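These notes are about the structure you will find just below.
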């Protein structure tokens, strides 16, 4: 029996709300300085811990995709929900008892990242199966709103839990468990209704999203999908495996994503320390005054404000990338790869702003721009990978490209932490604080500026390289004819 429109709408809403909780990992940047103070970590340790959470998101992808394909939605949803709640529960216990273990905190965030991937992939596939003819719109909601709930939590903490990290973590655990309990049963019922029996959708094969028993329906689905990925030039040859690794275009995209995404992650995970340094500098506080409760509340409020701005513009950037991608291909008959110039140039501006902003009241401008261009990059890059290398092996190809930010993010974020730690000064009571304002981290943004110019150059090579080689080949042929 086919599901009704009302039922499918509720499934879509459930998947959307479940997808929202997958981005709560971003919340770490709003309370990481307080966590580091309570557990006596340096900035370098705290930022490395954040990267472990991102690593959990990245390396769990292939396993989560396999589980979703083989076991349906119930198993990955249960695993993902359990991982997220368990991770935050242990993190709160560690904060409460001041248990000094970097590895335990790394494990907590790794669990949160892994659980987010399990839930996200299950929701994406459920949306694609439930709406095979509107797959793009249906899957856009969980993708574009990824992390938007973290913005809500940041605002909520700003209003109801100012300076109360422990109370905020308690509220976070209870609310996430409640959202999961309310929304997951409807998605799990999709397994019982056996949607997959009549509509088989493989995440690794998005072009052939439907294998319907009805021949006419199958033609409609294939037509819709072909129109969704229509290009001005003939479709790309399917490239994967060894051929993918031998392709210069793969390595260009790999380097471009690695450079641009790592700049975004460095800022996201470090903005809490930027706020702290700027607030202390602006009010000319000494280390003792900076450690007072009132100042700590002000700093935490500003941190949560920056998180909210980042996540809001991240969502807008993802939506803008999707819309502009369709416009440039359908209206102007150009490749989506040209849109890479937008975030590449924008990230150059954010690195300049990061160096020059001297007051915390102006940091919101840099946070909004960074959030927009980071979200734009993460949304446009998968579609470019599909356009260039074909959609038959899209998941595997995108999985390889998606690993690009791991090493550069680790380097840049750790470099930021090392620079910040090198500027710390201690008072007589042993409290370490940086009172130099933007000079606490400025060298990190100078390195980031070099990386952003490199990304802009690589985008130019990617878009103009083939044209240059073709013109050279035509010139050589003309010489041979003459």
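Each Cβ is built from the backbone N, Cα and C atoms, and glycine gets one as well.
Unlike curated entries, TrEMBL annotations are predicted automatically.
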>> transmembrane segment per TrEMBL: which of the ranges 294-316, 363-385 is that?
In response: 363-385
>> Checking feature assignment: transmembrane segment per TrEMBL, candidates 397-417, 418-438. Which range matches?
In response: 397-417
>> Among the residue ranges 217-239, 447-469, I'd like the one that TrEMBL describes as transmembrane segment.
In response: 447-469
> What stretch in 250-269, 337-357, 447-469 has the biggest tally of Cβ pairs under 8 Å against the transmembrane segment (41-66)?
Replying inline: 250-269
>> At a Cβ cut-off of 8 Å, and with pairs 6 or more apart in sequence only, do we get at least 3 pairs between the transmembrane segment (250-269) and the transmembrane segment (447-469), yes or no?
In response: yes
